[in-house]
Amino acid sequence: VWSIDYSTFDSGQYLCSGSDDKTVRVWDVETTKQLRLFNGHSSHVFCVKFSPYRHHYHGVSNHRPIVCSSSCDKTIRFWDFETSKEFQILNGHYDGIAGIAFSPFNNGRYLCSGSYDKTIRLWDIETSKSLH
């Protein structure tokens, strides 16, 4: 496991984890049970975050938790907790993406990513565009 993040919603406590086995998983902290398994990355998952942004994800209701992950496969992926499906991919880095962080402003609409391609990118996740 390379990364974990913590969140509370629906009066529960949850962890998400990103692993060398190419998976993203969500766990219930109280029961210690795995609730979700997200498959889609083709290489190990470096970083996972629960998204604070809830407004305009394509086809996803405002109240569902969203998990975001970055991988050595050069992609950032967004996962719908309710359906366990990937619904958005950010492409633009030329090497693995080691870390991601949501903006503390604009309700987390912007995502920063750092890659082994020696660049840091700022993304607008509402438009899926790399801004800088």
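Just so you know, glycine gets a Cβ as well, placed from its N, Cα and C.
Feature annotations, reproduced from TrEMBL:
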REPEAT    1-37  repeat 'WD'
REPEAT    38-89  repeat 'WD'
REPEAT    90-132  repeat 'WD'
Per-residue pLDDT averaged over the repeat 'WD' (1-37) comes to what? 95
Secondary structure content, the repeat 'WD' (90-132) (per DSSP, counts of residues): 3 helix, 21 strand, 19 coil
DSSP-assigned states of the repeat 'WD' (1-37) in counts, ordered helix, strand, coil: 0 helix, 24 strand, 13 coil
